[in-house]
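Now, the feature entries from Swiss-Prot:
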| type | residues | note |
| --- | --- | --- |
| ACT_SITE | D468 | active site, proton acceptor |
| DOMAIN | 56-131 | domain 'RBD' |
| MOD_RES | S29 | phosphoserine |
| MOD_RES | S43 | phosphoserine |
| MOD_RES | S233 | phosphoserine |
| MOD_RES | S259 | phosphoserine |
| MOD_RES | T269 | phosphothreonine |
| MOD_RES | S289 | phosphoserine |
| MOD_RES | Y341 | phosphotyrosine |
| MOD_RES | S471 | phosphoserine |
| MOD_RES | T491 | phosphothreonine |
| MOD_RES | S497 | phosphoserine |
| MOD_RES | S499 | phosphoserine |
| MOD_RES | S621 | phosphoserine |
| REGION | 331-349 | region 'Interaction with PEBP1/RKIP' |
Amino acid sequence: MEHIQGAWKTISNGFGFKDTVFDGTSCISPTIVQQFGYQRRASDDGKLTDPSKTSNTIRVFLPNKQRTVVNVRNGMSLHDCLMKALKVRGLQPECCAVFRLLHEHKGKKARLDWNTDAASLIGEELQVDFLDHVPLTTHNFARKTFLKLAFCDICQKFLLNGFRCQTCGYKFHEHCSTKVPTMCVDWSNIRQLLLFPNSTVGDGGVPALPSLTMRRMRESVSRIPPGSQHRYSTPHAFTFSASSPSSEGSLSQRQRSTSTPNVHMVSATLPVDSRMIEDAIRSHSESGSPSALSSSPNNLSPTGWSQPKTPAPAQRERAPGSSTQEKNKIRPRGQRDSSYYWEIEASEVMLSTRIGSGSFGTVYKGKWHGDVAVKILKVVDPTPEQFQAFRNEVAVLRKTRHVNILLFMGYMTKDNLAIVTQWCEGSSLYKHLHVQETKFQMFQLIDIARQTAQGMDYLHAKNIIHRDMKSNNIFLHEGLTVKIGDFGLATVKSRWSGSQQVEQPTGSILWMAPEVIRMQDNNPFSFQSDVYSYGIVLYELMTGELPYSHINNRDQIIFMVGRGYASPDLSKLYKNCPKAMKRLVADCVKKVKEERPLFPQILSSIELLQHSLPKINRSASEPSLHRAAHTEDINACTLTTSPRLPVF
């Protein structure tokens, strides 16, 4: 017993185990001696013994309410001790900060350097927190039925009913919820980190970010390393508990059945993929010379991350006993500009033959998931104002869906601005009327006029002014289906003086309205100017000729039409042209734009005209053999005796 009391006195004084305690010839077994360090016996000063003081360990509180105990060896730094514990959780020391908890000052902590000798911290309690500039995001799970073919990102099996994160797109079965990575990659913040590796700190601690074109953005985003299984998955996935106490606070989601796990409650606040952060930090450290670049700090947080809708968050304190309201708070996901998804890489489109060129660009036939038409616009070195105006118009064009409108498929910005539309196998109306001289029936001409008016009525309902309406931009697709192309794009069809858009008469003069030629208004293009151009198209349909064919001087046409001295000769209309169509042509080409009808009225007039045309209705009775061309060659006996032929 004397040996036991001596050993215990040594332990309680804080000097640790001595070799004589284990090497002695005492009858006490080593197992019993090792258990003395865990006995709760007070020392002479009345304090309890800390078991970590008696061994080379450090207790560490990690993010997300996790903790661990690490062993310390001589010569190891904090970075070496905590590397493994952080790696298995998908963390990087470069993204975190380590603190020593000051128990003598409750709630306070002192930051430590990662190169600190770990041996000097034996028995202490440490805490690891995220750095403020690391983009954090939480999963936003929602139950979803996948109507299209989908597979679970965890087990790679077919997925019909499951869950999907609305932020990162991770999808999984219900029984795979415990294997979902806790890291939700916020790609809007990752793109900011990769776009601005050379950002410098400006006034007020806000990084000054350079202005980029879409081409540089596309090249920057292409540096994102691909994931292993899922495009948003992280390589450091680990399992976590799928249960959460009800006292943690309720989310702003509907209450789900208690028989299924509420996977939305398993949201974890962790940084993005460690490999992406590592690459971004490496590229940031390799880029040397800082340069002061101009940027608007209104939309930036103190760490430089774009936050268009939410204010900059306050500095986070992640003490072990902190409240969980902030952790359960749903973070709004960053919204990407939807026009981003309509941009096509120039390397994906293969141009083949040159179809033709016009006032605003050159059209090529190309291949992009099938035959497409690529119109390379005549815009050299677009200014930022032109580029933004072009993107704004593309945002309008991509919403057009109509049977009589060419389908907009995307746009390109590399090297040149270009528009990609569907390919029409047929020829343009101009080629049919004036080159091939196709002979159409009157009801066919009226139907072409109706479809054209129907497509223009749709464009005007979308507040899109064509600005270049003519027979060259009307295509007959698969028979007599009208497709209107080359609409909108006021950015390309206007002249720019510096950063200001200046209107000028561009396009084909034969289809120009008089007010457009005169250019007395700042913006002469209107719905009525499109109606005048449509009236010239009607004139082409009903005469088979171009207007002013007797005038060979272009400047003379501009002068006479602009002054109101010349107008299309309506006496050349076909003799079998209905009177209603003649009146419509005359109304559309009136010199005063306020007197011209709009397309809803035009479409209604043509539809009434179509209904009034005489039609030969086909008989609904059964076919008769008497209508055969050579009924005398049919053997009546064969008809009555052959079992294979029907008898009428």
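Every residue gets a Cβ built from N, Cα and C, even glycine.
In the three-state DSSP classification, the residue listed as 'active site, proton acceptor' falls within coil. Using a 10 Å radius centred on the Cβ of S471 (phosphoserine) and all shown protein chains, the other Cβ atoms total 24.
Secondary structure of the domain 'RBD' (56-131) per DSSP, as helix, strand and coil residue counts: 17 helix, 32 strand, 27 coil. Across the residues of the domain 'RBD' (56-131), the predicted structure has a mean pLDDT of 85. Take the CB of the residue listed as 'active site, proton acceptor' and look out to 10 A: across all protein chains shown you find 25 other CB atoms.
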